[in-house]
Amino acid sequence: MLRIITQQADVISELQRICDRTHDEQVLHKEATVREVLQAVKRQGDKAVLHYTAEFDHQTLQPEELRVTGSELDAAYQQVSKDLLAAIQRACRQIEAFHRQRVPKSWVHFGDDEVVLGKRYTPVDRAGLYVPGGRASYPSTVLMNAIPAKVAGVPRIVMVTPPGAGKAINPAVLVAAQEAGVEEIYRIGGAQAIAALAYGTETIPKVNVISGPGNIYVTLAKKLVYGTVGIDSLAGPSEVLIIADETANPAHVAADMLAQAEHDPMAAAILLTTDAGLAKKVQAAVDRQLVDHPRRIDTEKAIAHYGLIVVVESLEAAAEFSNEFAPEHLELEVEDPWTLISHIRHAGAIFLGNSTPEAVGDYLAGPNHTLPTSGAARYASALGVETFLKHSSIIQYSPTALEKVAGAIETLAKAEGLPSHADSVRRRVQEEE
Ligand SMILES: NC(=O)c1ccc[n+]([C@@H]2O[C@H](COP(=O)([O-])OP(=O)(O)OC[C@H]3O[C@@H](n4cnc5c(N)ncnc54)[C@H](O)[C@@H]3O)[C@@H](O)[C@H]2O)c1
Ligand SMILES: N[C@H](CO)Cc1c[nH]c[nH+]1
Ligand SMILES: [Zn+2]
């Protein structure tokens with residue numbers, strides 16, 4: 001049952017426990033497994049990838065089966081309904097429109113003395129997109145990763161996703177990939193897929209950036225390969241924190257909590273409310289909605305371990321608790337969400353008002369659904385076009401400009417004990433010897 005707490009003194013430690021669920025002691029043995037997988041794939045390439053695919057995904061593949069074939073891609077279109085194709089296409093349009101707004105652009109500034117300064121944005125050469133596929137399959141995540149990479153202009157985009165029963169990939173995932181313009185797809189998942197993308201194997205190319213969400217194994221692997229490759233953020237087991245007042249509908253709040261809990265037994269769902277009556281009604285509604293839930297066992301686990309209702313003294317206090325937690329998704333189900341939002345500092349995505357369920361953002365509002373979890377929203381942001389871009393600084397000085405700063409540079413270089421730095425400037429401003 002979803003717990004209700006009213007003791008304000010307990011709130012911070014409870015929120016901390018839930019936030020830290022992906023780096024507590026139980027997770028340490030998972031990290032040991034992930035380290036072993038990474039090392040094996042680094043040393044043995046495809047052989048290790050196939051070994052762990054058999055062990056963790058229960059699919060025995062030959063090396064030539066790793067890549068999804070053109071005929072499988074074609075066949076996928078025959079296997080999805082017209083409605084599903086239309087929904088994928090609609091989501092595609094809306095996500096692309098959002099991500100095309102305010103794409104970072106290269107710029108230069110021409111200053112005094114012919115000094116030119118600027119930033120030049122270029123995409124990475126190769127991006128690897130992780131699309132989860134263990135407990136559910138995610139055509140929406142294909143779009144949320146592939147579209148920003150395309151908009152950034154990445155020349156080679158590679159997608160990985162775990163094989164399902166009979167080695168198959170969900171046709172909706174394959175259709176979504178093609179609609180977003182991605183055709184290089186490998187049927188691998190978990191830490192072994194992250195390792196393959198980070199180190200490269202005989203079959204799978206080494207990439208520069210890995211993006212995409214995943215379960216605890218995927219997230220730990222991304223954390224450990226960071227540095228060898230870039231990553232988007234640590235987008236692990238899903239979470240929602242809802243702040244609600246007496247205007248919220250308890251059945252809607254309960255449904256939104258279950259919508260995150262159903263992703264993973266490690267997902268988190270938290271309600272902070274000023275209304276003790278609403279707290280009880282949401283608790284009862286969650287129980288009712290769980291009765292016939294098709295994913296009841298895992299969803300109940302998430303609710304039992306990482307579900308919580310807190311009755312708070314004020315909406316401002318709720319906002320402070322929420323800032324401590326820094327949720328992936330924050331819903332403001334209150335009468336005046338635009339006033340409350342001014343108290344919010346850390347959240348991956350913020351959903352305002354009672355008619356904005358988080359699922360709108362999951363599928364097609366446009367903003368990205370790959371978001372930082374487990375407190376990472378304190379320093380990280382949603383996946384975006386920037387994930388696949390980096391910028392080079394641009395600096396050009398004229399002889400006059402260099403002469404004007406030469407003295408200051410020499411002084412600084414001497415203070416750092418780096419004479420060649422000073423010399424490289426002095427030689428240019430003095431007559432050549
Ligand atoms: N934060 C976000 O933006 C966001 C978005 C969508 C989904 N998600 C999250 O993505 C996750 C998807 O998880 P999933 O499990 O359905 O798919 P997944 O693809 O992330 O994980 C499945 C893989 O985990 C590996 N695995 C499973 N058990 C293992 C074990 N015991 N040891 C080693 N490896 C093992 C397998 O290789 C398998 O391929 C959920 O946690 C969901 O909440 C997050
Ligand atoms: N809520 C997930 C992010 O945590 C994204 C998603 C995809 N499909 C459904 N939901
Ligand atoms: Zn979701």
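Using N, Cα and C of the backbone, Cβ positions are placed for all residues, glycine too.
According to TrEMBL, the protein has these features:
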ACT_SITE  E328  active site, proton acceptor
ACT_SITE  H329  active site, proton acceptor
BINDING   Y130, Q192, N215  NAD(+) binding site
BINDING   S238, Q260, H263, H329, D362, E416, H421  substrate binding site
BINDING   Q260, H263, D362, H421  Zn(2+) binding site
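Sequence features annotated in TrEMBL and their locations in the structure.
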residue	record	contacts (Cβ under 8 Å, 6+ apart)
Y130	NAD(+) binding site	N145, V160, T161, G189, A193, I194, L197, I210, S211, G212, P213, G214, V218, K222
Q192	NAD(+) binding site	V37, V41, A48, V49, Y52, T53, F56
N215	NAD(+) binding site	P132, G134, R135, G190, G236, P237, D264, M266
S238	substrate binding site	P213, Q260, H263, D264, A267, A268, E328, H329, T373
E416	substrate binding site	none
H421	substrate binding site	I409, A413
Other CB atoms, at most 10 A from the CB of D362 (substrate binding site): 20
Reduced DSSP assignment, Y130 (NAD(+) binding site): strand
For the recorded NAD(+) site, whose residues are Y130, Q192, N215, find every other residue on that chain with a C-beta no more than 8 angstroms from the centre of their C-beta atoms, and list them by sequence position. P132, G134, V160, P162, G189, G190, A191, A193, I194, G214, Y217, V218, A221
Checking the recorded positions Y130, Q192, N215, H329, E416 against ligand 2, those whose Cβ falls under 6 Å of one of its atoms come out as none
If we take the residues Y130, Q192, N215 that the record assigns to NAD(+), their largest CA-CA distance in Å comes out at 13
Which recorded positions, if any, among Q192, N215, E328, D362, H421 have a Cβ under 6 Å from ligand 3, given in order along the chain? D362
Could you check which of the binding-site residues S238, Q260, H263, E416, H421 have their CB within less than 6 A of ligand 1? S238, H263
Given that the record lists S238, Q260, H263, H329, D362, E416, H421 as binding substrate, what is the largest C-alpha to C-alpha distance among them, in Å? 55
